Amino acid sequence: MKVHFAGFTLLCLCTAVTITGCKPSNDNQSTGVSQDANSTTPPSAEQTKSVKISGAGASFIYPLISQWSADYNAATGNKINYQSIGSGGGIAQIKAATIDFGSSDKPLDSSELTKAGLGQFPSAIGGVVPVVNLDNIEPGKLRLTGPLLADIFLGKISKWNDAAIISANPGLHLPDTKINIVHRSDGSGTTFNFSNYLSKVSAEWKQKVGEGTSVQWPGGVGGKGNEGVASYVQQIKGSIGYVELAYALQNKMSYTALQNAAGQWVQPSAESFAAAASNADWSNAKDFNLVITNATGEGAWPITATNFILMPKQTKDAAQRKATLDFFKWCFENGQKQANELHYVPLPPNLVKQIEAYWASEFK
């Protein structure tokens, strides 16, 4: 089937999962973006000296980094090739020094960074949302508490008309339908944040499953990347999965409301992600190792997540490393509009200053 995106067309062997400016991935093909400016104007002298920057990792950030890449190419002529292969793959590739930067939604601790000779810094903030395939259930209408969500993924609640779900949704007609679980099959920062949240709200989940980029799921079918999970949920009636909000919105999927740590029912949005991030203490987080799920702020979305960029502290190619950092500097200075349009939260100026100071001290 043909899947159309901004400026190009591709042939896809899987069910279409669209993101503006992006393309989907499947188990046999990673997702990448390599953007060229669409112009018949001869390149300037500066553009003929353009560099190619390679990155790989989280599918969580792919919609945003794809748009940043296209706009950066148009502005500078430099080309960003980013492979959406999951956080685990991005960590592995940057450790193997096969790319210029890796991307992960799970921060590495200082000992792992030191062992690998890496530094890390945040790029943007977004949110993980439960998505469902239920007839006549509009986005945001189905309400779930954290413990309910954990019990569903534990397999303890197996029907959509279970009394516990009905109790949280008075007046909402729920079918006598089996709940089909969809989860990630690859190493995933999205999975890390989802399972980290469930571990905070369910002692049973923490004991039986725990948190990680990969976990032993009690049941369900696995999809590769946010793209794969979205595709499976769209195909399987009665299913529930979890994706980054941009994937849910662009594919017109039904997402749930969640009850946050303050007891409020909240909808996923850039505003609720910003509320969750508002009290994040980055200044005391060594190497920016901070997870912000289950935040206590008013209006906070419970599964808010940060994407992190990983780069080697030492390099034999100073010009290439400078070009890579220049890309992210450009994103921080010029990428707020794109972030807002795709429902991510741009980093606040004080955090950007902290990141730039980190670059100066850690990337030699």
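Each Cβ is built from the backbone N, Cα and C atoms, and glycine gets one as well.
Source: prediction; values computed, not measured.
Swiss-Prot has this to say about the protein:
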type	residues	note
SIGNAL	1-18	signal peptide
REGION	25-50	region 'Disordered'
BINDING	Ala58, Ser59, Phe60, Ser87, Asp105, Ser188, Gly189, Thr190	phosphate binding site
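Residues Ala58, Ser59, Phe60, Ser87, Asp105, Ser188, Gly189, Thr190 make up the record's phosphate site, and a Cβ search at 8 Å around their centroid adds Gly57, Ile61, Gly86, Ser103, Ser104, Lys106, Thr191, Phe192, Asn193, Thr213, Asn226, Glu244, Ala305, Asn307 from the same chain. Other Cβ atoms within 10 Å of the Cβ of Ser87 (phosphate binding site), summed over all protein chains shown, number 32. Whole-number maximum of the Cα to Cα distances across the phosphate-binding residues Ala58, Ser59, Phe60, Ser87, Asp105, Ser188, Gly189, Thr190: 9 angstrom. Mapped onto three states, the DSSP output places Ser87 (phosphate binding site) in helix. According to DSSP, Thr190 (phosphate binding site) sits within a helical segment. With a cut-off of 8 Å between CB atoms and residues at least 6 apart in sequence, the same chain places Ser84, Gly86, Ser87, Gly90, Ser103, Ser104, Asp105, Ser188, Gly189, Thr190, Asn307 near Ala58 (phosphate binding site), listed in sequence order.
Taking the binding-site residues Ser59, Ser188, Thr190 in turn, the residue surrounded by the fewest other Cβ atoms inside 10 Å of its Cβ turns out to be Thr190. In the three-state DSSP scheme, Phe60 (phosphate binding site) is classed as coil.
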